[in-house]
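Q: My structure is below; once you've seen it, I'll send some questions.
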Amino acid sequence: MEVHKKLLNSVEGCVDDALLGLVTSHPGLSLLQGHRVVLRSDLHALKGKVALLSGGGSGHEPAHAGYVGQGMLSGVVAGAVFTSPPPGSILAAIRALTDAGAAAVLLIVKNYTGDRLNFGLALEQAKSESVSIAMVIVSDDCAFTTTSKAGRRGLCGTVLIHKIAGALAEEGHHLGEIVDKVNQASKLIGTLGVCLNPCSVPGSCPTFHLASDEIELGLGIHGEPGIKRTKLTTANEVVKMMIDHMTDPSSQSHLPLSAGNSVVLVVNNLGGLSCLELAIVTGSAIHCLESRHIMVARVVSGTFMTALEMSGVSLTLMVADDELLRLFDSDTRAPAWPATGRTALTGQTHLIQPSVEETTVVESFENEAPEAVLVRHVLQSVCSSLLALHEELNALDRAAGDGDCGTTHSRAAVAIQDWLQTQIIPASYTQLLSALAKVVQEHMGGSSGALYSLFLTAAAQLLQSSSNLVSWADAVHAGTEAIKRYGGAEPGDRTMLDALCPAVKELQKLHSCPSGGEMEVLERAVQEG
């Protein structure tokens with residue numbers, strides 16, 4: 001396997017560069033000199049309150065430094081990529097917080113051995129300095145059906161603990177109260193991830209390999225193995241598989257979830273998933289939960305805790321009562337926390353009905369005016385010709401474009417034929433061209449549909465007061481000018497204008513041609529086009 005390309009200054013300095021970029025772009029954040037520690041710039045605001053300190057290996061951005069700010073963390077300590085931070089830096093951060101007047105410090109730690117050891121060592125050293133300090137371990141992974149001695153891994157649910165603890169600390173709760181409430185909330189949180197493509201530590205090869213049609217369920221945020229590999233299927237089916245596994249009562253790490261529960265849903269991009277895919281997964285997750293009669297009280301969808309550029313997603317669920325929702329909704333200035341609504345999603349109306357033009361379907365065309373019968377015949381003839389030229393137009397387009405010209409025009413022809421089956425030809429040519437513009441706009445598709453609709457819409461306006469030959473010439477000119485104005489092309493650019501513009505030039509001669517010379521002008525216009 002090859003080393004993946006990354007946009008860095010250097011492998012060795014990537015963490016320091018990233019932290020510097022973060023604090024220089026957010027005035028509410030500062031670096032502790034000599035350490036990979038990000039702190040709130042307004043440390044004086046912590047006086048008499050509990051300070052919250054978290055952290056871990058880098059590579060999970062925006063976690064954890066993105067969650068530093070009023071209403072969330074007071075500071076974070078970053079290690080090298082996927083490496084626990086050293087206890088010396090953790091202790092330095094603790095001292096900075098207590099020097100600022102914090103009454104106590106709470107360490108929020110993901111359940112990984114290195115983090116537990118290093119944060120634990122710093123905690124014991126701080127205790128020896130008479131610091132009031134405690135530590136909570138977040139272990140929200142729902143992957144493994146039997147738990148090991150090391151316990152469940154800490155994943156994206158940690159961010160929810162940052163939010164809950166941050167709200168409690170901002171309100172001035174004591175250390176013991178915050179620890180109790182956070183530990184209770186931790187029991188109500190579960191997370192499961194799925195991966196489409198692996199990540200790679202800067203300067204190294206990918207941590208594992210997945211076939212093009214494979215996904216891995218239940219992997220960790222450092223590329224640790226999951227519980228199984230399976231074939232890639234639809235987003236709906238993958239989400240169902242994830243939620244089924246997370247809530248399976250036979251699993252020792254499952255999240256107890258029953259019909260009628262309210263939940264906060266976090267849809268987390270593991271680093272390399274497109275926004276389009278993430279939105280699809282979010283919709284699938286909401287639908288899956290609601291189909292089980294789970295009330296989706298809040299949803300945040302975005303990038304919260306990554307595994308570098310891993311292409312994948314994790315789902316986090318927190319069973320939430322009114323108090324947890326209140327804390328979740330509380331204000332924060334942490335730069336990575338999204339603006340969230342404070343209204344339950346379940347039960348909301350998500351569609352606004354557009355105004356619909358009334359159309360009358362007719363059963364008989366016997367009473368159509370003679371002129372309308374002629375127009376109907378002309379339109380039918382044009383549509384038949386376009387359909388007969390389907391393959392020829394595609395072949396011509398393959399030589400110069402993407403080969404779908406015949407297909408696109410056939411869609412328009414079929415749509416107009418269908419329209420003719422249900423509509424009486426309007427007596428007004430303005431109404432006729434406007435109606436045809438709407439048909440091609442809705443059914444033709446692509447840039448061609450827009451261009452023809454522009455042409456017809458602009459031309460229609462010139463026929464409101466008169467429909468003689470001169471008015472028709474002006475209408476064709478107006479339509480052509482609309483195509484030039486909005487399409488950006490000019491004659492000679494190998495577009496439909498190369499045919500339209502010479503014909504328009506000839507038609508303009510209708511303004512000055514002698515009586516009886518109109519047919520000659522029309523014939524020349526056809527030849528030029």
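Backbone N, Cα and C define each Cβ position, glycine as well.
Pulled the feature table from TrEMBL, pasting it below:
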DOMAIN    10-337  domain 'DhaK'
BINDING   Gly57, Ser58, Gly59, His60, Lys110, Asp115  substrate binding site
ACT_SITE  His222  active site, tele-hemiaminal-histidine intermediate
DOMAIN    373-529  domain 'DhaL'
Q: Around the C-beta of Ser58 (substrate binding site), how many further C-beta atoms are within 10 angstroms, looking at every protein chain?
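A: Taking all protein chains shown, Ser58 (substrate binding site) has 24 Cβ neighbours within 10 Å.
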Q: If you draw a 10 Å sphere around the Cβ of His60 (substrate binding site), how many other Cβ atoms fall inside it, taking every protein chain shown into account?
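A: There are 27 of them.
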Q: Between Gly59 (substrate binding site) and the residue listed as 'active site, tele-hemiaminal-histidine intermediate', find the distance joining the two CA atoms and give it rounded to the nearest Å.
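A: Between the Cα atoms of Gly59 (substrate binding site) and the residue listed as 'active site, tele-hemiaminal-histidine intermediate', the distance comes to 8 Å.
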Q: In the structure shown, which of the recorded positions Lys110, His222 has the fewest other Cβ atoms within 10 Å?
A: His222
Q: Please identify which of Gly57, Gly59 has the densest Cβ environment, defined as other Cβ atoms within 10 Å, among these binding-site residues.
A: Gly59
Q: Measuring Cα to Cα, how many angstrom lie between His222 (active site, tele-hemiaminal-histidine intermediate) and Ser58 (substrate binding site)?
A: 10
Q: Just how spread out is the substrate site if you go by the largest Cα to Cα distance in Å among Gly57, Ser58, Gly59, His60, Lys110, Asp115?
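A: The two farthest binding residues have Cα atoms 15 Å apart.
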Q: Under 8 Å between C-beta atoms and at least six apart in sequence, can you list the same-chain neighbours of Asp115 (substrate binding site), or say none if there are none?
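A: Sequence-distant Cβ neighbours: Gly55, Gly56, Gly57, Ser84, Val109, Gly154.
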